[in-house]
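Feature list (source: Swiss-Prot):
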| type | residues | note |
| --- | --- | --- |
| BINDING | Asp231, Glu232, Met233, Gly234, Leu235, Gly236, Lys237, Thr238 | ATP binding site |
| COILED | 14-96 | coiled coil |
| COMPBIAS | 103-118 | compositional bias 'Basic and acidic residues' |
| DOMAIN | 586-736 | domain 'Helicase C-terminal' |
| MOD_RES | Ser486 | phosphoserine |
| MOD_RES | Ser498 | phosphoserine |
| REGION | 78-120 | region 'Disordered' |
| MOTIF | 337-340 | motif 'DEAH box' |
Amino acid sequence: MAEQTEPAVITPAMLEEEEQLEAAGLEKERKMLEEAQKSWDRESTEIRYRRLQHLLEKSNIYSKFLLTKMEQQQLEEQKKKEKLEKKKRSLKLTEGKSLVDGNGEKPVMKKKRGREDESYNISEVMSKEEILSVAKKHKDNEDESSSTTSLCVEDIQKNKDSNSMIKDRLSQTVRQNSKFFFDPVRKCNGQPVPFQQPKHFTGGVMRWYQVEGMEWLRMLWENGINGILADEMGLGKTVQCIATIALMIQRGVPGPFLVCGPLSTLPNWMAEFKRFTPEIPTLLYHGTREDRRKLVKNIHKRQGTLQIHPVVVTSFEIAMRDQNALQHCYWKYLIVDEGHRIKNMKCRLIRELKRFNADNKLLLTGTPLQNNLSELWSLLNFLLPDVFDDLKSFESWFDITSLSETAEDIIAKEREQNVLHMLHQILTPFLLRRLKSDVALEVPPKREVVVYAPLCNKQEIFYTAIVNRTIANMFGSCEKETVELSPTGRPKRRSRKSINYSELDQFPSELEKLISQIQPEVNRERTVVEGNIPIESEVNLKLRNIMMLLRKCCNHPYMIEYPIDPVTQEFKIDEELVTNSGKFLILDRMLPELKKRGHKVLVFSQMTSMLDILMDYCHLRNFIFSRLDGSMSYSEREKNIYSFNTDPDVFLFLVSTRAGGLGINLTAADTVIIYDSDWNPQSDLQAQDRCHRIGQTKPVVVYRLVTANTIDQKIVERAAAKRKLEKLIIHKNHFKGGQSGLSQSKNFLDAKELMELLKSRDYEREVKGSREKVISDEDLELLLDRSDLIDQMKASRPIKGKTGIFKILENSEDSSAECLF
């Protein structure tokens with residue numbers, strides 16, 4: 001009997017139907033995901049709007065509170081000044097009589113003591129109903145955070161307008177309070193003293209903008225608010241802080257006070273306190289552990305003629321090491337110098353400093369914004385954790401850190417959201433920044449010129465070989481190093497390789513024996529690849545860092561291969577030292593002419609080995625020079641700095657950028673040459689400010705040497721992109737603390753102003769030169785001319801100068817120089 005075939009359970013029609021249903025399901029799921037994404041985007045936008053509004057309102061409360069307090073104080077100050085005017089007129093009428101004591105401070109002190117007992121409360125500024133309504137509003141917003149109801153943009157606009165109006169009045173009050181008014185009795189070195197200058201500040205006369213900065217710090221201190229003093233480097237932030245501490249002592253605050261900063265800045269703090277406020281006791285908290293244990297006891301003792309606790313000056317490292325001892329002190333004022341050191345929220349320094357008990361905190365930094373917005377938020381969170389408490393929200397709203405965005409994209413975003421205007425409004429009560437251009441009468445003008453140099457033939461050969469990773473073949477094949485493996489199969493670290501320290505003996509013969517044993521291994525592990533022609537040249541290739549090799553090639557090919565004289569076996573120093581480097585060709589045209597015109601020059605480089613080659617060039621051209629780098633002792637640094645500042649024959653100062661960027665004064669120079677640029681633009685700016693600062697009497701010109709179309713140019717462009725962020729956030733007209741600057745905060749940044757900021761450059765022209773003469777005499781004259789800066793300094797008013805960028809390009813076909821304007 002034949003078997004009957006049963007019909008298939010799963011038919012082709014069923015399979016087709018299943019596929020159609022699956023496709024329909026996937027399509028439906030895709031649409032659901034799209035809708036969910038859109039819904040999430042809408043909700044997240046609303047949440048960010050609420051958070052932004054909350055931040056604006058909190059900033060608004062601070063501003064309104066400060067404004068009311070300052071207006072009250074302004075009335076009292078006005079009455080005091082009127083009394084002082086009457087006293088001045090009385091002194092003129094009764095010249096032979098003394099109505100006050102020798103210092104003329106009795107009426108002032110009496111008035112200030114009366115004011116000291118007054119108490120302020122936020123209820124004087126905002127009614128209870130207003131505060132409760134704000135709190136209720138935030139509670140309602142949190143309850144509705146999951147809803148999709150749109151938040152009215154007009155509410156935020158209203159808050160911004162309110163903030164603008166309050167901050168405008170606040171800035172006017174700051175400027176009015178610090179209006180220059182000389183004391184009719186007090187004098188310092190025969191010069192009249194500003195009325196606001198504290199009586200214990202006796203070592204000099206404060207400048208008008210320093211008085212204004214002190215008034216701003218006083219306003220923050222009296223109202224229990226922390227802040228950031230971010231004046232440009234070289235404007236005297238230290239003096240303003242010392243004056244503020246002197247003012248606090250005059251008001252009856254006994255201390256102690258704490259100044260915390262990098263080790264290199266401590267001598268300057270101690271010297272400035274001794275110079276300007278000799279009566280105020282200071283304590284350098286440093287030394288061995290035993291020394292510091294003894295010094296802790298002195299913090300709690302009242303000292304000196306004023307019988308107050310000392311101003312304690314210490315370094316970041318000691319503050320972290322002795323946190324247990326220092327955290328138990330109740331500091332009246334904590335000053336963190338070079339505050340950008342705490343830009344990383346996860347670093348140990350910021351964690352330890354947050355534990356310090358301080359009534360008020362102040363950050364000093366000339367570079368409040370270096371790389372990204374989170375660094376600025378880190379500083380603000382350290383000072384005001386209640387206001388700046390959400391980094392993600394802060395970054396999500398002010399997301400302009402994308403360095404790839406074009407100027408047009410940023411302008412379109414600003415037109416739509418006004419995020420920059422909002423950020424300026426929020427930062428206003430807590431940040432004060434003035435530039436040298438704001439105090440142009442005090443500091444001579446400065447111009448920065450970027451000079452593009454070509455690659456010479458040898459540089460081109462090396463550069464191409466480095467990019468192709470064939471550079472080692474040019475100096476002979478190198479034996480591959482045998483890699484020693486650990487028991488787990490991983491390469492052993494060099495630091496883990498065994499060393500028998502018991503073999504070390506005090507006898508010279510044993511030491512020589514040990515050296516002879518380890519020398520072969522040291523030679524095998526050298527990262528320097530020695531070529532087959534050691535008699536003719538010294539080759540230095542660190543093959544593990546290609547980018548550094550490219551930078552060295554741009555600086556000078558001798559950093560990779562330095563020729564050696566076969567007879568003397570010393571480095572070969574001749575004209576090829578100049579002709580083998582595009583930057584040296586530029587220097588060789590500029591430096592002799594600068595010397596002839598009587599200028600003194602600072603040359604900054606990132607690499608000490610580059611300074612060595614520059615020294616060889618100085619010997620070749622018989623230039624008298626000084627040098628400063630991180631390997632030099634303190635006494636050597638002081639000797640070389642003194643020699644450069646006082647000896648007219650010393651023409652050049654060769655300085656490593658990081659070692660010479662902080663804490664030194666080189667105002668004898670009026671020309672700066674940045675031989676190679678830093679990835680961080682603020683490092684180069686700090687280097688420039690060694691000579692462009694208070695005390696400089698001549699215009700300053702900064703020449704930045706850049707090798708065209710190489711990694712050198714990429715570094716400069718990347719640094720310029722970082723400065724673009726600073727231009728937008730720390731706007732030069734929005735944080736001056738005065739009416740002329742901060743009153744502009746009520747206006748939005750228009751598209752034209754943004755475009756000027758984003759596209760602002762230092763160049764207006766290009767110069768093409770032949771290889772035989774990299775710069776023509778005419779172009780060299782244009783490059784070195786600073787007559788317009790001298791006219792600007794004499795006129796004491798801004799004059800649009802000949803700012804420019806000189807792009808030196810090879811033109812092998814046409815030897816004639818062509819100027820394109």
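In case you wondered, yes, glycine gets a Cβ from its N, Cα and C as well.
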Output field, ATP shell: CB within 8 Å of site CB centroid, site Asp231, Glu232, Met233, Gly234, Leu235, Gly236, Lys237, Thr238 dropped: Gly366, Arg693, Ile694
For the binding-site residues Asp231, Glu232, the one whose C-beta sees the most other C-beta atoms within 10 angstroms: Asp231
Close in space, distant in sequence - Lys237 (ATP binding site), Cβ under 8 Å, 6 or more apart: Gly213, Leu229, Asp231, Leu364, Gly366
Mean per-residue pLDDT computed across the motif 'DEAH box' (337-340): 74
Neighbour tally for Leu235 (ATP binding site), based on other Cβ positions within 10 Å of its Cβ: 26
Surrounding CB atoms that lie within 10 Å of the CB of Met233 (ATP binding site), all protein chains: 20
